[in-house]
Amino acid sequence: MIDVNNFHYMKIGLASPEKIRSWSFGEVKKPETINYRTLKPEKDGLFCERIFGPTKDWECSCGKYKRVRYKGMVCDRCGVEVTKSKVRRERMGHIELAAPVSHIWYFKGIPSRMGLLLDMSPRALEEVIYFASYVVVDPGPTGLEKKTLLSEAEFRDYYDKYPGQFVAKMGAEGIKDLLEEIDLDEELKLLRDELESATGQRLTRAIKRLEVVESFRNSGNKPSWMILDVLPIIPPEIRPMVQLDGGRFATSDLNDLYRRVINRNNRLKRLLDLGAPGIIVQNEKRMLQEAVDALIDNGRRGRPVTGPGNRPLKSLSHMLKGKQGRFRQNLLGKRVDYSGRSVIAVGPSLKMYQCGLPKEMALELFKPFVMKELVQREIATNIKNAKSKIERMDDEVWDVLEEVIREHPVLLNRAPTLHRLGIQAFEPTLVEGRAIRLHPLVTTAYNADFDGDQMAVHVPLSKEAQAEARMLMLAAQNILNPKDGKPVVTPSQDMVLGNYYLTLERKDAVNTGAIFNNTNEVLKAYANGFVHLHTRIGVHASSFNNPTFTEEQNKKILATSVGKIIFNEIIPDSFAYINEPTQENLERKTPNRYFIDPTTLGEGGLKEYFENEELIEPFNKKFLGNIIAEVFNRFSITDTSMMLDRMKDLGFKFSSKAGITVGVADIVVLPDKQQILDEHEKLVDRITKQFNRGLITEEERYNAVVEIWTDAKDQIQGELMQSLDKTNPIFMMSDSGARGNASNFTQLAGMRGLMAAPSGKIIELPITSSFREGLTVLEYFISTHGARKGLADTALKTADSGYLTRRLVDVAQDVIVREEDCGTDRGLLVSDIKEGTEMIEPFIERIEGRYSKETIRHPETDEVIIRPDELITPEIAKKITDAGIEQMYIRSAFTCNARHGVCEKCYGKNLATGEKVEVGEAVGTIAAQSIGEPGTQLTMRTFHTGGVAGSDITQGLPRIQEIFEARNPKGQAVITEIEGVVEDIKLAKDRQQEIVVKGANETRSYLASGTSRIIVEIGQPVQRGEVLTEGSIEPKNYLSVAGLNATESYLLKEVQKVYRMQGVEIDDKHVEVMVRQMLRKVRIIEAGDTKLLPGSLVDIHNFTDANREAFKHRKRPATAKPVLLGITKASLETESFLSAASFQETTRVLTDAAIKGKRDDLLGLKENVIIGKLIPAGTGMRRYSDVKYEKTAKPVAEVESQTEVTE
């Protein structure tokens, strides 16, 4: 076998008959499979041992030679070679066909490759191949054209006139003769000449034919190989036949299909030997052709061959296709050994990097390691003995197991794995029971909950794999989310509630205003019940030893609460004392107003001071996230994970102490709710009256009513939130960010509000009751629509989002950081992304973590803030925006010159680590996951906008798909193709509007539909590509009008718009990587003197290479225009045929690749996974594996001789 890691590329092509025979170990002559009595394979049949090898290791068929010592012998009785039975997985056979047959892929695919090569229509080909017409191969003196079709009658006429003087044939033989006569060089010349003169349809056909002829010429495939004389038979173990327990047999469909081919082939041979009449032979040949078609691609032509129960049989093509095919089922998604799965339970006592592994599961997973250790410790005498000890679960096994799993990380994975945080490494600890214990803080990353979710465990076996798991995948290392660089391990639910409760302050708490010497005194007082957690107290500031306090402050008393003192103990010492949830307090220092000079206090002491002070807000979920981010910025990952663990412990402890529950009494009904409802009811009556008088349209009435009731709900919600007590448990839950929000509460205590009908339209009758009061039957019925729609939408959305992620990953999987600096001279101009007045993404967020492309100076002081190719840190970004600079050029993936992938400088910092990105990082996959993972949070619906009929703007997930597939958007905007001034806006016929733009040289008029809103005014100057009406721009058209840079920026802005409106933050660089992949190709307009074909899609780098070559030799360069491909199309157009074939349209991709003789250089990730190599990312990159090292240390003996021996 070939060593997987030692080959550099994979090439595919057509197989010649000689090649097929050279693969084969013998000809299969009989359709028999196995003998039903002896269950041995039949000789010369489809499972023959003489051809394919023995069924039992080291044993021939008749049993004369048994044992490994006869290795390689061929038995003289039965002719079977004595070898391993594994060869039955790799040895092929063949069938010598009695008549040539065409290969359905090349004849039936679109476009038909045979048809293009012969310049015949697929229909004509079909008539010939399936014996309906004759084709003229050699016209002789008949005056017929070559390749003319003749019907049976016409052929008879000519044959009577010119007996034996001309040649016309039927079936694949005729086609084969024509293919053998093709002179590729001659065809090429003719086609190149035709390109010069032809136009329209003839030109496109010539280009297509040229492509096929070029492919055959360059690949060394002979056209006649598209016709099969010999049919290969795949190894028997790949199309097995197994006995079921009822004595019946289950067999692969391929065996049935092969049997039909062999039967028909043998019958044809017999008929030919007998010299049967032509018509019978023809019929048999046609049946053979159909049998081979069914074997290669069943159902491609005519009705599929069916098995029992009318089920179409699975042919060779179906074995490769689709989710269950060879590519996706077995090559890209293998099941692995040393893995297990179980239900997860929460493990609150675990450290950040630990997980609990059930004992019996761990024992099974680490079995070989335990066995080795048992033998080494001489607890067991040999491996067999060790194995039985493990199976009996003897007591001594457990101690050894604990030893073995120490420091041996395992990987935990939860499906669906939407982003890279769906697989993380943990150090296992043994737990009782059968559930895997998971650390509560990593649940966010996995999107897991403990209501019965299951997780899979995988054991990294090699030392290298263990090292990678520990260094790169350990849960404590993965604190930041790769999509936006924010912490992903923020506490949730109980932990948030606990910390919120801890930092609450109450006016009426016991002993408010007590003053303590130091924190120990406070804790003692709290333990003895002298103060409560919420008591506001004073503590001598000097006792904190806080480095951020000034000398002045240290002489004063710090006003704080007991809970905050406990909370601050988990914060690192160098931080300011956190007394209020503000960035100022967190990042700089504790506000001075909390330091009180004891001499200034009045009679009532500190208590009096507190009575006049407002309560400080407690710390909610968002602020806890900010604390984590700040700790991460200032300290190592280890410190952060330790602090997280302490924060988790605090949260659980105090949420338990708080004992927060929800009862019916906590849901306070609003007293003046009825009054609000009555007021709005009157407004609705007024609108209805206006409508009845014909003052407003139905549309306006409906929108007004909906608006009135929405306003009613908002008013009730506002008043409810005002009337709530700050210590109300439901309020605390929603305010802290633990669970629920204002809207949930309004539905419980206020009113449910407006509901959507199944169509998505809002029903104008609101539900005025709340859940506390109970709904009427009608209200309940209306609300079921919404509930059902919600569930249906969620299910559809999940599938859609998953498919989007798959397409994104496929198009960007080969984008890897491959070099430090590509040396580009271009940059991307960035500024705020705004929609009207609404800010979508601020300038500061766009530049942080990127490399500058220009020198930025302070406009006033002229000092240099940053030079080109320097990283913009958060501090520098703040300096730039503070200086009033609103736009700048940065390095971007859009302008990166790297041939494959991107370079470090154009990408910027790695968001998952906060450091600069390293060569080998698979940034394409990360980008795809970052865009795809939040897909489930986006809405499905297209919004029905109020007021304007028929202008539905697509939003949410469908809009993202529309952008990445480069489709024509719904609600398309009109753009101007020239620069100039808007001269006139007038009504045109059919209620359309006409916008006239006058340029320097020409005037253009554009038609917009009557309902679309025009956003330009008469006299307004417009640029090329500027929008004239509201809506989305069609990106392909925009590319030709406004150019490459504008299109890139537009697509980036549109994607960000959708995500940010849903409150999802994604870094620009991910979108840039994806959009770059969509714009990798150019379409050749004129070929010049290069070898490129006009009209073909070429990679931008191949295009520039070809032109560079042309300039070098003073020849005419080619011209081309950029093309925007949707992600599906871009994936299929990739250079790698393995990647494309495993994505979609497998047969089409492989057909094309075989004819072109394509070679796959295995640059991407998928290709390498398919053939089983290490992927070329991370440590698998060649630059890391080709490191040579030499020993520089001196030999031990030499060192020892130089050291003095001391006692």
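Positions of Cβ are set from backbone N, Cα and C atoms, glycine also.
What Swiss-Prot lists as Zn(2+) 1 binding site is Cys60, Cys62, Cys75, Cys78, and the listing cites sequence analysis. Close to Cys75 (Zn(2+) 1 binding site) in the fold, though at least 6 residues off in sequence, lie Cys60, Ser61, Cys62, Lys64, Tyr65, Glu81, Val82, each with a CB less than 8 Å from its CB.
Residue density at Asp453 (Mg(2+) binding site): 17 other Cβ atoms are found within 10 A of its Cβ, drawing on all protein chains shown. Here Swiss-Prot flags Asp449, Asp451, Asp453 as Mg(2+) binding site.
Taken residue by residue with DSSP, Cys896 (Zn(2+) 2 binding site) is part of neither helix nor strand, so it is coil. Sequence-distant neighbours of Cys896 (Zn(2+) 2 binding site): residues of the same chain at least 6 apart with a C-beta under 8 Å from its C-beta are Cys822, Thr824, Val902, Cys903, Cys906, Tyr907, Arg1076. The feature Zn(2+) 2 binding site is assigned by Swiss-Prot to Cys822, Cys896, Cys903, Cys906, with sequence analysis given as support.
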Top Cα neighbour of Cys78 (Zn(2+) 1 binding site) in the set of binding-site residues Asp449, Asp451, Asp453: Asp453
For Asp449 (Mg(2+) binding site), nearby residues of its own chain (Cβ under 8 Å, 6 or more apart in sequence): Thr443
Near-site residues: Zn(2+) 1, ref Cys60, Cys62, Cys75, Cys78, CB cutoff 8 A to centroid: Ser61, Gly63, Lys64, Tyr65, Asp76, Arg77, Gly79, Val80
Surrounding CB atoms that lie within 10 Å of the CB of Cys903 (Zn(2+) 2 binding site), all protein chains: 22
Per DSSP, three-state class assigned to Cys903 (Zn(2+) 2 binding site): strand
